[in-house]
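As recorded in TrEMBL, the features of this protein are as follows:
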TRANSMEM  30-48  transmembrane segment
TRANSMEM  54-79  transmembrane segment
TRANSMEM  91-115  transmembrane segment
TRANSMEM  121-143  transmembrane segment
TRANSMEM  155-174  transmembrane segment
TRANSMEM  180-204  transmembrane segment
TRANSMEM  225-244  transmembrane segment
TRANSMEM  256-279  transmembrane segment
TRANSMEM  300-323  transmembrane segment
TRANSMEM  335-359  transmembrane segment
TRANSMEM  366-389  transmembrane segment
TRANSMEM  395-414  transmembrane segment
Amino acid sequence: MLGRYIKKININVEIKGIISNTGWLLFDKFIRLIFGLLVGVWVARYLGPDTYGQLAYVITLISFFQVVSLLGMDTILVRDIAHKKDQANEILGTAIIMRFGAGLLCLIVAVSFVGFFNGTYFAILTLLAGGSLIFQCIDTIDIWFQSQSQSKRTVIAKLCSYVVTNIIRIVLILCHAPVWGFALLLSIDALFSALALSCAYTSFKTTDKWRITLSRGKNLLRESWPFLISGISIIMYMRLDQIMIKNLLGEKSLGIYAAVLQFSLLWNFIPITLSVSLAPYIARKKKENEQAYYNAINNVFIIFSSIGWGIILTISILSPFIINFMLGSSYADGAVVLSIHVVTNLFICLGVAQSLWIVNERKGLFILYKSLTGLLVCGFSNLILIPLYGIKGAAIAAVLSQLSASMLFNLVFAKKIFLMQIKSLFLIKTITRI
């Protein structure tokens, strides 16, 4: 009797830790949502569709190289630190150095690539914004804090830097700054965030010094490369539409499309944040038994599907008001685009939920194949739909690619998960028995 009581207490403490950790992460994302939305919309209105399209193009290219510089290690680092807490210093030190080197290399390649294909003007914008590729290696510290259920510390540190950079962004608008000032601020934001995280880590009571080992680096790369290629595929099929819009329709159309996407993509933080906090919990359920593990996975699908439907219904109804009120008449063509593109949130939620299963089953290649499926669908559908329907066609292509990668792939290669996803769309709970 006493043993059961103690076990129940331990479970409650574990769940409370997850809730607290998730709460702080959601608070961080919520504040960023408010600031990012209000200030981001102000920037879009200030620059106008044409100039904002130039900035959006550079951000799109930088986001691709950001994925490369992170080396696809996030989920693996979360798992390894949760399972091997005594080796956390070695895991952190090795990962940070590897990401720093990758970021520096990516910056050189990005500037060279843009300079060759788009000219000196865009190369300078890329160089100014590309400092974030180097500084983001320090974000690895955030993973360690999450494993210690200490997200409060990183939230406070990173929010302070984020608020400061947004104040600077407002000052740039009021001073009628050129577009390169906003590009440079992307690097400044990453630098401030890195400094804040470093201060939070050094002030935390830990005697462990970072260590760098070649064997650890090889092991991380050996397991992370499918996630890296998958991440590249994901960012390509999420951003390929913007590259194609610029080349097929021009910078003004890209400016409208990119501004509208802020209201659709900003909700992605919800499933991503929840999955990060749930990852250690799902990993422990996997160790208990298969029934508890699959029941937990099924519950995650139900929760994430509910979130997706809530986002779709809310934004679809309010899309005309959102665009006209927030962005103004120059972006009016984006209302229909928003009501279409927001549907991607449902499939993104289900895809993020499945990633918890993929990591624990050590099926990293699944993510790669799913991502390549989405990329192929995205490329072909954009080639067909953008010339026919303009930026509305790009939004339709985004929905089709997310549907293919997150669900239709599972119909062939993971039928059990596909069945869970289908039932979760109708909010039907399935109790799995092994």
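Placed from the backbone N, Cα and C atoms, the Cβ positions cover glycine too.
The transmembrane segment (121-143) is not in contact with the transmembrane segment (335-359), judged by fewer than 3 CB-CB distances under 8 Å for residue pairs 6 or more apart in sequence.
Packing against the transmembrane segment (300-323) from elsewhere in the chain are residues 260, 263-264, 267, 270-271, 274-275, 278, 282, 331-332, 334-336, 338-339, 342-343, 345-350, 352-354, 356, 420-421, 423-425, 427, 429: each is 6 or more residues past its ends and has a CB under 8 Å from a CB in it. Using a Cβ-Cβ cut-off under 8 Å and counting only residues 6 or more beyond its ends in the same chain, the transmembrane segment (180-204) has close neighbours at 43, 47, 55, 58-59, 62, 124-126, 128-132, 134-139, 141-142, 144-145, 150, 153-154, 156-158, 160-162, 164-165, 168-169, 172.
Ranked by Cβ pairs under 8 Å to the transmembrane segment (54-79), the stretches 30-48, 225-244, 256-279, 395-414 are led by 225-244. Contact count against the transmembrane segment (256-279) (Cβ pairs under 8 Å) is highest for 30-48, out of 30-48, 155-174, 225-244, 366-389.
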